[in-house]
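Here's what Swiss-Prot has on this protein:
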- Cys62, Cys65, Cys85, Cys88: Zn(2+) 1 binding site (BINDING)
- Cys76, Cys79, His96, His102: Zn(2+) 2 binding site (BINDING)
- Cys136, Cys139, Cys159, Cys162: Zn(2+) 3 binding site (BINDING)
- Cys150, Cys153, His168, His172: Zn(2+) 4 binding site (BINDING)
- Cys212, Cys215, Cys236, Cys239: Zn(2+) 5 binding site (BINDING)
- Cys227, Cys230, His244, His248: Zn(2+) 6 binding site (BINDING)
- 57-112: zinc finger (ZN_FING)
- 131-182: zinc finger (ZN_FING)
- 207-258: zinc finger (ZN_FING)
Amino acid sequence: MLCNRTCPSSDCGILCNHSVPSFPPFHSSVANIHFTKENNLKSNIFEHNNNSPTLRSSSVACNTCLKIIRNDSFHCTKCFDFDVCRDCYAKQAFLHPCPKPHFVLVRSSIPSVASLTCSVNSMSVSPQSNFMYAICDHCEQPIHNVRYKCSVCDDYDICESCLTDNSHSNTHAFVRITKAYPHGLPSFHLFPQFLSAELFESASTVHRSVQCDNCLAHPIVGPRFHCLVCEDYDLCSSCVSHVHHDHHSMLRLTREISASPLHLSKPEKPKVLNFDFKLVEDSILPLELSPGCPFYKIWHIRNTSCQSWPSPLYVKFNGGDKLFPGDNPYSFPITSSVHPGEDVNFTVALKVPEKSNKEIFTAFFNICSDDGSVFHKSLCAFLRVPKSFSRISKSSF
């Protein structure tokens with residue numbers, strides 16, 4: 001496309017985007033393309049506005065569609081790691097929490113196939129590389145082929161390279177996943193392996209009562225992989241990469257946790273208490289929040305059942321978005337019995353996410369007794385974040 005401005009030449013191969021309103025004005029061209037003896041493609045990419053070129057590696061994923069960026073993209077200079085591919089930028093189909101975003105065009109270090117009519121073999125990305133639709137929480141790079149997901153936390157994934165040196169809790173076991181899930185993968189919500197890091201360190205790395213079902217090694221020394229689909233099927237670290245069904249998730253256990261074979265099942269549902277209540281009012285403190293700011297969510301409820309509630313009572317997280325660090329938020333306990341018709345305030349300490357592409361956050365909580373029993377109705381915390389992420393008012397809840 002030629003622009004209405006004065007260009008050096010209409011035959012110089014200049015690509016003009018002045019007439020496209022979705023992109024900032026620029027002229028760019030690809031020059032000095034040559035092949036080495038190793039058939040590696042090299043190019044010098046420059047812009048006519050005399051700015052220094054910015055090259056992009058092929059390992060960056062779009063923060064909107066999560067696809068690997070092959071061509072040019074846009075990077076927010078105000079943020080540490082926020083990139084949008086050209087398609088999502090043109091459609092304006094992305095949510096960015098930065099108060100004052102400033103996007104700059106970033107050139108791909110590998111020219112596109114369409115523009116250079118080169119073969120697919122010249123690309124540096126292996127055709128066998130399988131994107132797992134997840135970003136490593138340790139190295140912040142896209143995860144390929146093998147994904148390790150925390151079995152306890154809602155959203156924590158690492159790649160195979162970061163498995164041994166990640167800083168995540170060693171009491172949490174990881175699940176080995178080899179199947180890509182484009183539409184997301186539900187959390188496993190298993191219990192931690194050990195109650196404390198001290199118990200984990202004191203446990204043995206030899207799984208005395210377990211035998212590898214492939215090489216028949218007994219006992220399994222080092223990481224043990226337990227199939228979450230099959231009944232009583234375990235593999236050692238040497239066999240897990242080339243045997244068994246590719247799409248079966250395997251729980252990775254680094255320490256011995258029992259003297260008998262592991263039989264995983266869903267946790268027993270807690271006892272349900274048929275106490276009824278009515279939500280009178282809910283509020284937050286402070287009234288104005290900013291990213292990363294801690295706050296209190298308060299539910300003012302009334303006992304509408306015919307009997308008194310036992311004490312103590314707590315609020316426990318039951319799903320949705322995690323608006324708190326750790327496994328559960330701090331809840332202020334109700335230390336006295338609540339009689340029919342009486343009002344009580346349940347308060348939980350939460351925190352506004354510091355960086356997120358989401359606009360709406362929803363978290364659910366249960367009222368629990370001291371023995372783990374739960375009320376049959378849940379409490380909900382709803383948070384709507386403005387696109388500017390500069391102010392969050394009380395009306396957002």
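From the backbone N, Cα and C atoms, a Cβ is placed for every residue, glycine too.
Each residue in His75, Thr77, Lys78, Phe82, Cys98, Pro101, Phe103 lies on the same chain as Cys76, Cys79, His96, His102 and has a C-beta within 8 Å of the C-beta centroid of that Zn(2+) 2 site, without being one of the site residues. Across the residues of the zinc finger (57-112), the predicted structure has a mean pLDDT of 75. In the three-state DSSP classification, His244 (Zn(2+) 6 binding site) falls within coil. Under a cutoff of 8 A between CB atoms, and with a sequence separation of 6+ in the same chain, the neighbours of Cys212 (Zn(2+) 5 binding site) are His218, Ile220, Asp234, Leu235, Cys236, Cys239. His96 (Zn(2+) 2 binding site) is 27 Å away from His168 (Zn(2+) 4 binding site) when you measure Cα to Cα. Cys230 (Zn(2+) 6 binding site) is 40 Å away from Cys85 (Zn(2+) 1 binding site) when you measure Cα to Cα. Cys136 (Zn(2+) 3 binding site) falls within neither a helix nor a strand when secondary structure is assigned with DSSP, and so counts as coil. Secondary structure counts, DSSP: the zinc finger (207-258) has 0 helix, 14 strand, 38 coil. The 10 Å shell around the Cβ of Cys139 (Zn(2+) 3 binding site) contains 14 further Cβ atoms across the protein chains shown. Taking the C-alpha positions, the distance from Cys227 (Zn(2+) 6 binding site) to His96 (Zn(2+) 2 binding site) comes to 39 Å.
Distance noted between the C-alpha atoms of Cys150 (Zn(2+) 4 binding site) and Cys159 (Zn(2+) 3 binding site) is 11 Å. If you compare Cα positions, Cys62 (Zn(2+) 1 binding site) sits closest to Cys76 out of the binding-site residues Cys76, Cys215, Cys230. Spatially, by CA atoms, the binding-site residues Cys65, Cys76, Cys88, His244 include one closest to Cys136 (Zn(2+) 3 binding site), and that is Cys65.
DSSP gives Cys85 (Zn(2+) 1 binding site) a strand state.
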